[in-house]
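Under the heading domain '2Fe-2S ferredoxin-type', TrEMBL lists 29-116. Residues or ranges marked as [2Fe-2S] cluster 1 binding site by TrEMBL: 68, 73, 76, 98. The annotation [2Fe-2S] cluster 2 binding site is assigned in TrEMBL to 138, 141, 173, 175. The domain 'FAD-binding PCMH-type' annotation in TrEMBL covers 261-446. According to TrEMBL, the FAD binding site annotation covers 289, 290, 291, 292, 293, 294, 295, 296, 369, 392, 436, 454. The Mo-molybdopterin binding site annotation in TrEMBL covers 799, 830, 944, 1111. Per TrEMBL, substrate binding site is recorded for 834, 912, 946, 1042. Annotation comment: TrEMBL describes 1293 as active site, proton acceptor.
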């Protein structure tokens, strides 16, 4: 029997709803839908409530996560199902719950991750496989990925790998590096379906999937499988949850009726017929029409738009129908993009090729249009009417001359999509009372050729930089141009046609002269103001020419195929015409198996699954914001500065205080303790009182009954400023000498003598951009006052529980013993939650203290990116002296980091950059200096690698320059300069247990480096417009906190009388598997199965004074503390084991308890012999080093700057791995994060210090399609490390830098492109190597036609900070 869940909206409904009711009449209809088979009847559906908010807050289904609120990360993916009466078919599709309006769900079945399986009941195979294949680390993205895969299988139980890759285009993961997710789900596909070990010969996943090359005798202990697919529960598509029968009958029996839902500010009207729709649009000409809410949802959320009336024509069949006519296919304007794609694909398969050129061009754009979840709901009409200047589809519609039918209540008219359709930025010729009812996409003519292009920073789910569509029609049997249309997006405030150029070329022969004319004409016609929004002016202008050139070559080829006599295309130019088709990635993982004879109960060294993986895959794992609401709980939203540097003149809260649901505002005067705060130095404020020093500086907060009310009211707080001159960039800081003290120096040898000895000296510089952490779970704090003695309990997503405790206590003016901080798990951290979480936690605690009520705040993605800072941008200048052989003999390097508006951890980060300034190379005479630039940006902070990657990237840059200036191979010069055992670093630490040479040699062997180099050189000789590059890069990463006092850890172990063990230690779990490893350690020491051991959380009342979980040292430190505590307990139990050797663990525990022996122990560990002194350059900075080598091959498109990651081979020394599955996961995840840092992720700041990239729409982290096509990870065998727990090594940060092998492979490929233009020698390539930088560095005839504007003659859109 189905239960009915009847809910009502009890919220305060003052204000705008009254006006709405007078305008439209009062009252809302009942909204009926089903969630996981249960009927929900909502009597007060608010049009501004999303499905995600409703699931999490009203229904308590917290498995579906909030990652970005803009449909860009997929964490909130759910499946919707509807019964279509006209086709009598069930439709299942994945959607983003963060954008789906609750009101759009009438008669829809919603399936969430909780609805398909649970640990308690039964796991669905989709949940089980991602967990057991190690595809869930922090787990925050896992439910969304699970639901994307589930929706795919509901529609197609035997998908191909390409279907799966398409299904994941709208999902992001920041931890795993994607490989294990694909590996897990490959087992559902045609290519990788598992036979359960029944043997399908060479196609079997158990012989192919994770297997390496045939192992020789000596490698017999190499293991290559991290999971066994035969253990998976078979997938039976007939056992899926059924569509609710009651919903089926409700849908079939529904009368045509319109719906109305009335909220506080918005009225949602869902007409039942086209006539009613036209009538409503006539009455409400300014009403927004919403189908998928993929645009309006963003405008309301991020642009503060309010649309009092929304018209939702989802029920109107005429707007969703598809009609085939003589001239083409007519799509109703409400057709979704995925439906349009399916229809066009069907047409391409059945119609003659000459008719389908336009369809193929549309399909080419749809391949890379947003993610599947967006395409499933976004309507083609919405795409046109949004009138975005960078629309992917509008250029195709314009080039093809599509016809649009517009209607109002008096009739209809047909308009052509030509250069007159868009009248201005986001404006069209459509009148306010008209609607777009359909679009006709025409068949192509026999002599017509059309191509579509899109260039974006990342291929998958990305916003275009430039899009283009080009159509040419020839006089039959000739190459004479009869009609030419060139349409561009991203080159003006609207989609534009290059009419002058097109008219010039009419009647001309398609050949070299036409090409010359077209390019020079386009260069004149397609100009951009140097200050244009979006920047990249030279690149965008060059693209207009290069995309035409690609079109020109493609058409030449097609004319030749039709037998028309045209000029020959040189064979080395053909690769410019290839359309990109991703190859299915393949991978190999190699690690050393555990020694023969190791007990089955001893899981150390085995690829054990992450302890929380199953819970994460079912949505049952509890993150901070998943905790049920406390009684009387309130929600907080921050008020932040809109100026980079200013004095606060006044704050007006009157409007905010009168808004619905608002309880109070919080400002500096509400802080009972100290307003001074900071990580090491108290140089920050909890709340700004007189002055702001960055955009995003927290001034105050608004507390209200709900998140929506708090956020709306926070935006209504008015702050008046007197602006002061800001310092934004490193170059501005250098000019103003705006530095934090001290300036650090490490020097060794005789620099002057070294430069005298050198045969050559060269100088260079490089800028490395910052990086946003983009943990999928943003910062969140829940503060609960405990009502006496100033006690407060905080639930926080932080890597630093003790620092949170001390800073909250300081702000509240109470001793630390009154504040308890609890951390269950984080949805990712990466250093971003080491120190900056306290900027939120202190404010939430102050508000909870003021109101004596629980207060919660989870930052939205845009707030988190704005407020919390990221990886430090670095600028490096170097002078290097070297011999003819390539041996480096002298180096003088200066590092400048952009620290932001406070010191935070910047000094330690800069010190680590200096400690890694030589990377893995021995330089006899060396000096490194480091400067921290004090700027008006949010304070930058810790990020995986902690300054090390920046220090090493600049080292690899001068190494590349040395090789290029000598004309030698970079691999040879690097090998020549590598450290050897026993040499000492610039900070006088001797390298012992040195394994880098072994890693290097194994990497060369595994990649067959010399053959690969020869193949790359051959490819580059044969191809002019695509080039390949190859690079092999080492890393040496020091393990320890550079602040010696932090190298300590504690643990607390309780044994209960039933034999179960509760383990607590000082580290926090953020997906890196620390808790799993600690349980493995305890299991080995106690000699019991790990199923008997449980870790509940990290808290300041169990293990005090903990160091942050950072510096890759947490397994070393906490592992040794856990070992210490467990050894104490084993010693206490020894007499009982001796007395009763055949007894069980439980027997010994019981006997000890009755003998009144304590079954609880504290463990402690401190790393011995640490402590470096900068003044004397003495002392050990690090306990040991982690080593690794990576070799990567890439292919670049010299015309667009796009690159493909073809292959990467990594050899990593992790000592004796505690858990190979977790360690390989860390290597791959770190590598992919580095890939983002060095090739993709760009933070754009305006010259006024405003962050312009505030979400996944504008800031691109690597996606599924960015992983190397071939990825091999090998853990170095026989390399025990006697300085850490069970001979293991740290693994979190060291692998990240290995992604620079991709950066230097790109640089290698650019060198090959420059050689074609006769340019050789060193050149500057800043990081990241974005498509723009790659294209601009490949100097050729096209770049010369689009010279950049002179710096200083214009104000740029963004500046290099």
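Glycine residues also receive a Cβ, built from the backbone N, Cα and C atoms like all the rest.
Across the structure, residue 436 (FAD binding site) and residue 175 ([2Fe-2S] cluster 2 binding site) are spaced 43 Å apart at their Cα atoms. Of all the binding-site residues given, namely 73, 98, 175, 834, 912, 946, those whose Cα is no farther than the 10 Å limit from the Cα of residue 799 (Mo-molybdopterin binding site) are 834. The record gives 799, 830, 944, 1111 for Mo-molybdopterin. Within 8 Å of the mean position of their Cβ atoms, the other Cβ atoms in that chain belong to 829, 831, 832, 834, 942, 943, 946, 1070, 1109, 1110, 1112, 1292, 1293.
Neighbour counts of Cβ atoms within 10 Å were compared across the binding-site residues 68, 138; the minimum falls on 68. Separation of the C-alpha atoms of residue 73 ([2Fe-2S] cluster 1 binding site) and residue 173 ([2Fe-2S] cluster 2 binding site): 8 Å, rounded to the nearest whole number. Only 830, from the binding-site residues 68, 76, 369, 830, 834, place their Cα within 10 Å of the Cα belonging to residue 175 ([2Fe-2S] cluster 2 binding site). Residue 98 ([2Fe-2S] cluster 1 binding site) sits 10 Å from residue 293 (FAD binding site), taking the C-alpha atoms as the reference points. Calculated from their C-alpha atoms, the gap between residue 295 (FAD binding site) and residue 912 (substrate binding site) amounts to 44 Å. Proximity to the residue listed as 'active site, proton acceptor', judged by a C-alpha distance within 10 Å, picks out 830, 944 from the binding-site residues 141, 289, 291, 293, 830, 944. When the record's substrate-binding residues 834, 912, 946, 1042 are compared pairwise by CA position, the greatest distance found is 16 Å.
Of the listed binding-site residues 293, 799, 1042, the Cβ environment within 10 Å is emptiest of other Cβ atoms at 1042. Take the binding-site residues 76, 289: by the count of other Cβ atoms within 10 Å of each Cβ, the lowest one is 289. In this record, Mo-molybdopterin is bound by 799, 830, 944, 1111; the longest C-alpha to C-alpha distance in that set is 13 Å. In sequence order, 830, 831, 1230, 1233, 1292, 1293, 1296 are the residues near residue 944 (Mo-molybdopterin binding site), counting only same-chain partners six or more apart with C-beta under 8 A. Ranking the binding-site residues 369, 830 by C-beta neighbours within 10 Å puts 830 at the top. Averaged over the domain 'FAD-binding PCMH-type' (261-446), the predicted model reaches a pLDDT of 96. Other than 834, 912, 946, 1042, the residues of this chain whose Cβ falls within 8 Å of the Cβ centroid of the substrate site are, in sequence order, 831, 905, 908, 909, 911, 942, 947, 948, 1041, 1110, 1111. Among the binding-site residues 76, 138, 834, 912, 946, the residue whose Cα lies closest in space to that of residue 369 (FAD binding site) is 76. Taking the Cα of residue 173 ([2Fe-2S] cluster 2 binding site) as the reference point, the closest of the binding-site residues 76, 291, 912 is 76.
Ranking the binding-site residues 289, 293, 912, 1111 by the distance of their Cα atoms from the Cα of residue 138 ([2Fe-2S] cluster 2 binding site) places 1111 first. All protein chains included, residue 98 ([2Fe-2S] cluster 1 binding site) registers 27 other Cβ atoms within 10 Å of its own Cβ.
Taking the Cβ of residue 436 (FAD binding site) as centre and 10 Å as the limit, one finds 23 other Cβ atoms among all the protein chains shown.
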